[in-house]
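Database features, via Swiss-Prot:
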type     : residues      : note
ACT_SITE : TYR133        : active site, proton donor/acceptor
ACT_SITE : LYS161        : active site, schiff-base intermediate with substrate
BINDING  : THR45, ILE203 : pyruvate binding site
SITE     : THR44         : site 'Part of a proton relay during catalysis'
SITE     : TYR107        : site 'Part of a proton relay during catalysis'
Amino acid sequence: MIQGSMVALVTPMHADNTLDWDSLHKLVDWHLEQGTHAIVAVGTTGESATLDVQEHLQVIKRVVDQVNGRIPVIAGTGANSTSEAVELTQAAKDVGADACLLVTPYYNKPTQEGLFLHHEYIANAVAIPQYLYNVPGRTGVDMKPETALRLAQVPNIAGIKEATGDLERARLLIDQAPPGFAIISGDDATAVELILLGGQGDISVTANVVPAAIARMCELALAGKAEEARTINTQLLPLHTAMFVESNPIPVKWAVEQLGLIQSGIRLPLTRLSAQYHQQVKTAMQLAGL
């Protein structure tokens, strides 16, 4: 089972918005040095919505190759077309991803039965561990706990990234899910509490900026060292907040650029961080120890 800090990796781009492979390779190595436990390639934070299919798969392959088996790589392969999600998931498996993360179908707003059948179909089509991803604030559809628990019985479905920040929902899932079905936070601010309830880790935006701190926070929480984990989280709360002053990944890409790790590229319709938020993000980074 994949546990701990799973960075939702940004996708580096040159100023002209072409993909920056050198920076991607360096970012992967930096995360390995900093103790990140797994890498999520081409999720929301990785700008999956504005990468074409070839770019999407190239990023996954390059991350897999650079990691070279040292930590797990989870590939973002969700789509609002079931057949497209199957193709992406199979392609990610073919290039060596350890698991896939599949966001609930967005915009077309399927019913709960539609969500179940969508994910069941993909799980039956491709034999790779698959994590459901529930983020209703972005998709316009909320996978109810009952649906997630039905899917937890389906072979190849390994867990869920629950990004609502609702700890009561997380508690219900943790209490009722079968053994081996992972509940993973998709909300940095509440990740410690979810892990302490019995969750397995945090698919983290903030880990792009302070990977060692998020890794340590997750390790402490998994070990049941609640106060120590909470102490780290309290220090990071301004940074968690700053990462969402504008739509993700706008703030986090700007922050990683300030660290000198990537260039300024971000693809329309996303834009660079508005000047009015620069100081807030800088201050949050300083409070986090940077």
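Start at 1 and count along the chain as shown; that gives each residue its number.
A Cβ is built for glycine as well, from the same backbone N, Cα and C atoms used for every other residue.
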Between ILE203 (pyruvate binding site) and the residue listed as 'active site, schiff-base intermediate with substrate', the C-alpha gap once rounded to whole angstrom = 7
TYR133 (active site, proton donor/acceptor) falls, by three-state DSSP, under strand
TYR107 (site 'Part of a proton relay during catalysis') to THR44 (site 'Part of a proton relay during catalysis'): how many Å between their Cα atoms?
-> 15
How many Å separate the Cα atoms of THR45 (pyruvate binding site) and TYR133 (active site, proton donor/acceptor)?
-> 13
Measure the Cβ-based neighbour count of TYR133 (active site, proton donor/acceptor), defined as the other Cβ atoms within 10 Å of its Cβ.
-> 26
If you skip the near sequence neighbours and keep only those at least six away, which residues in the chain come within under 8 angstroms of THR44 (site 'Part of a proton relay during catalysis'), Cβ to Cβ?
-> ALA8, GLY76, VAL103, VAL135, ARG138, ASN248, PRO249
Local backbone state of THR45 (pyruvate binding site), from DSSP in three classes = coil
Between LYS161 (active site, schiff-base intermediate with substrate) and TYR133 (active site, proton donor/acceptor), what C-alpha distance do you get in Å?
-> 5
